[in-house]
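Swiss-Prot annotations:
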- 95, 166, 282, 283: substrate binding site (BINDING)
- 365, 470, 471, 474: ATP binding site (BINDING)
């Protein structure tokens, strides 16, 4: 059957990927362009250029033009019938900004299908580079953003996050100070996601409602740019000029932005009624890679740990991030990012293997898992024993804001007493379960208040906990995740490889163009998503008694963090 097809693009730091799906959400084509391996003429490493003297990390925008032609050529070689493509959306690395020059709209409109995008659009930008999320050149600007509304908590309350180096607002502030003449000649500023949509539209696309929340400029509660923060950011050119540069932000994440530009119709054979849907950020796109229901939790267990949740509750805090949901009005995306994830667990795993010895061909996690499963929750052999808890940070952490280090405590929930200790711990064995507990207790602590009771008198908790990334293969980690976070429906391993962002973007296009009036993304995708193709239940979720015991531990865990922060002279 020659049904409609939809393309989701993922413009990440190291590659551009396109995933083509049909109405049943089945992937039919994939094309990738690896920036380091496939590009010509750019002095990049891992997709970026680094200026260590100023802590700058940025990408040449022309590289992305070369990549888009490359990915579309790849789909053409595979035999994709472009005329069947009904809709296009995308995901872009969050926070990055693209600076368009005064000729941008004209150059986008006048593309010649006989020439490449790179040849024709390299002159469309007032500045040839886009700051990357790894850039940390904006400490001064972040301090100003945090102070401007009266503190980091006030900024988080307004925009969903405190100031971060990578966020677009602080980056624009630094840009207009460093390059005042270039800033004056900048006609528009796009995010990476809206830049991608602009290329397909043949004119500059509006910002996406979810991705706009990664700027420290969008007031989430007001649903508008924050006038005070624009004032801080705009400099001598003024607020109205910056508003014009940024443009309007439509509320509907599935809005029809317009039809595909003539260039793609003539060069690749796209149909003239192929519709462009707003592209969103890579993190919001990730929660669209499955029908994530409100209160479902998604935990990415890679080198670092990322926790994503869809929630109707807006409860901002300087340690977390809130964004408008990319498709569903009235919902928010909650996000936590930790630097210490898999690396910290591996340190303890290696210490255990050094002590116990391990045959070379054996699973390196076997000892760690066995000890974790044999150790009682919180290391309590009996209820009267103190709970063992600790913080294990081989690298500096951002949640909470602490130097690299290890801290171990005994906590007595009966009287609330907490003591730092090195005695009574059998190291490294006791640390196996303790580190997994520490990581999941931090998630539970910071997502408190975002979940509701699933009914039948059960305490508030997620419906499902989805684990992705390397750590999701580990049965002991999955079991402890369920014991601490709960999950009335259980703990699931989600198998979408590294395709989450592109899949989410493709699903967004399907939803936007095939939804019935008022039909939510979760409803439409939920009806078509074949969960047996993507997920496997790997552990129980809520267990009566155990979940409550960890609830008592949570009070001690929060006390422990505050005590260590106080000792280290830091404040949250």
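Backbone N, Cα and C atoms are what each Cβ position is placed from, and that goes for glycine too.
Feature annotations (Swiss-Prot) mapped to structure.
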| residue | record | Cβ within 10 Å |
| --- | --- | --- |
| 95 | substrate binding site | 26 |
| 166 | substrate binding site | 21 |
| 282 | substrate binding site | 26 |
| 283 | substrate binding site | 25 |
| 365 | ATP binding site | 20 |
| 470 | ATP binding site | 15 |
| 471 | ATP binding site | 22 |
| 474 | ATP binding site | 24 |
Statement: residue 474 (ATP binding site), DSSP three-state class -> coil
Field: Shell of the substrate site beyond 95, 166, 282, 283, same chain only (C-beta within 8 angstroms of their C-beta centre)
entry: 93, 94, 96, 133, 214, 281
- line: According to DSSP, residue 282 (substrate binding site) sits in helix
Field: CB-centroid shell, 8 A cutoff, ATP site 365, 470, 471, 474, site residues removed
entry: 301, 342, 345, 472, 473, 477
Field: Alpha-carbon distance [residue 470 (ATP binding site); residue 282 (substrate binding site)] in Å
entry: 19
- prompt: When the Cα of residue 95 (substrate binding site) is compared with the Cα of each of the binding-site residues 365, 470, 474, which one is closest?
  reply: 470
Statement: For substrate, with binding residues 95, 166, 282, 283 per the record, max Cα distance (Å, no decimals) returned as 14
